[in-house]
Amino acid sequence: QLQRKILILTICAAGIGGTFQYGYNISIINAPTSYIQTFMNETWLERTGVPLESSVILLLWSFTVSAYPLGGLTGAVVAGPMAIMLGRKMSLLLNNAFVIIAAVLSGFSRTAKSFEMIMLGRFFTGVNAGVSMNVQPMYLAESAPKKLRGAVALTSASFTALGLVLGQVVGLRELLGGEESWPFLLASNVVPALIQLTSLPWFPESPRYLLIDRGDTESCISALQKLRGNSDLSAELEEMLAEQAALKGQRAKNPWELFQNPALRWQLMSIVVLSSAMQLCGNDSMYFYAAYVFQEAGIPQDKIPYVVIGTGSCELITSVTCNLIIDYAGRRPLLLGGYTFMAGWAVVFMVALSQQTQISWMPYLSMACIFAYILSFGIGPAGVTGVLPTEVFDQMSRPAAYMICGSLLWFNLFLVGTAFPFIVKSLGHFCYIPFLVVCICTALYVGIFLPETKGKSFLEISEEFKKRNFKAQTHAGFYKGPEEIKSTVL
């Protein structure tokens, strides 16, 4: 009972300063948009005596928004070396330095009359999110018992959704979303960082990292005892020692080495497809449409922020549900079901948008589609995608795999954010066609190529992929590697 509590508290301590920050910082920037744009104009007017043109304000704002995924990409690249050299827990603790710098910059930006400080603050916030999105699932999956591995690693998605909802709540005008309080809203991300800095040091490092990377058997047993209590550790220790023996003499791999290794072909292809699809499936773009659709449905303008909180709550509810069922249902059914339902709802959503002005009840159908699409994303793709790199790669390849995953995730977030307004402009009501194609292709890939990893040890999963990799090599000598698949997804 006590050990279960320690595992739950470890999850909470890692999550609150980890992926929680990713969701929280994505949503807190929405509420003060107009106030920050006004601040940019006033600051420039004070400096030069000339007001900014609306197009320049929009350009400065897009720089501010895109600084976040740019920081995220930087964080994803440094996360691998940090996790190898410092360990999983220490990486999460040091990662809070980025968010503390960001909070100071954003919090004092109005006093210093510098909108450049907000841009720089958003960049550092992105670095923090990029590191935590990679290191936290690794740390938790390596610390969890085999039968709970999926559920424990999936809490990363639940914390992201929780951050998203709390960011929407704190951003309400009645709290910190008003004209006077927006610097405090942007600096409020320092609170989760301080909570993690005071709580995480009390919990153990990843036992797998201690044994396989550091070769420290004593610390590994001590960490396992803290996490598992008096239960028999021999089977788990034996499995770790077998993995250590299999990796003897190897060092942690670099990302480019994964591309060169034929034994990792299908693992790499799977994470490239799924990490790209996570951002290219159009879930984040649903939030872009939410306010417009709710307005069309007759919801008063001042009540729309409260309804938008409902969309974030949808993602939170489904990711918690997914947590409860992942180790019963398995990874493949959740991914396959999620992308298939999303493809179906995308079709209904486009039809509803095109008939929005003709049929009186269509706005309500569009509204239902937004909630259904977000629910379908939350039940599978949102969480399972982050768990897979931990399960399909061994200890020496895992940090590099997360670097590739994280880089794709952030690059595609930037790509969709930049391209979506142009897609809307050119395709109008049928703007979801590219996302529909991504959902269908990903569902087909999962259904045909992805093996189930539920309840298997890391070595068993490696063996399964080894058979597939070398079978593919024998039957298709002309195959050129993962870049072909990668290009079709992107």
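Think of each number as a place in line: the chain as shown, counted from 1.
The backbone N, Cα and C atoms fix where each Cβ goes, glycine too.
TrEMBL entries are annotated by machine, without manual review.
Copied over from TrEMBL:
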TRANSMEM  7-24  transmembrane segment
DOMAIN    11-454  domain 'Major facilitator superfamily (MFS) profile'
TRANSMEM  56-80  transmembrane segment
TRANSMEM  92-112  transmembrane segment
TRANSMEM  118-139  transmembrane segment
TRANSMEM  151-170  transmembrane segment
TRANSMEM  182-203  transmembrane segment
TRANSMEM  334-353  transmembrane segment
TRANSMEM  365-388  transmembrane segment
TRANSMEM  400-424  transmembrane segment
TRANSMEM  430-450  transmembrane segment
Among the ranges 92-112, 334-353, 400-424, the one whose Cβ pairs under 8 Å to the transmembrane segment (118-139) are most numerous: 92-112
Annotated stretches the transmembrane segment (400-424) and the transmembrane segment (151-170) touching (3 or more Cβ pairs under 8 Å): no
Per Cβ pairs under 8 Å, the stretch of 56-80, 182-203, 334-353, 365-388, 430-450 packing most closely against the transmembrane segment (151-170): 365-388
Interface check, the transmembrane segment (182-203) with the transmembrane segment (7-24), three or more C-beta pairs under 8 A: yes
Stretch of maximal Cβ-Cβ contact with the transmembrane segment (365-388) [cut-off: under 8 Å; candidates 7-24, 334-353, 430-450]: 334-353
Segment-level pLDDT (mean, integer) for the domain 'Major facilitator superfamily (MFS) profile' (11-454): 88
For the transmembrane segment (334-353), sequence-distant contacts whose Cβ falls under 8 Å of one of its Cβ atoms, 6 or more beyond its ends: 274, 277, 281-283, 322, 325-326, 362-363, 365-366, 369-370, 372-373, 376-377, 379-385, 429-433, 435-436, 439-440, 442-443, 446-447, 450
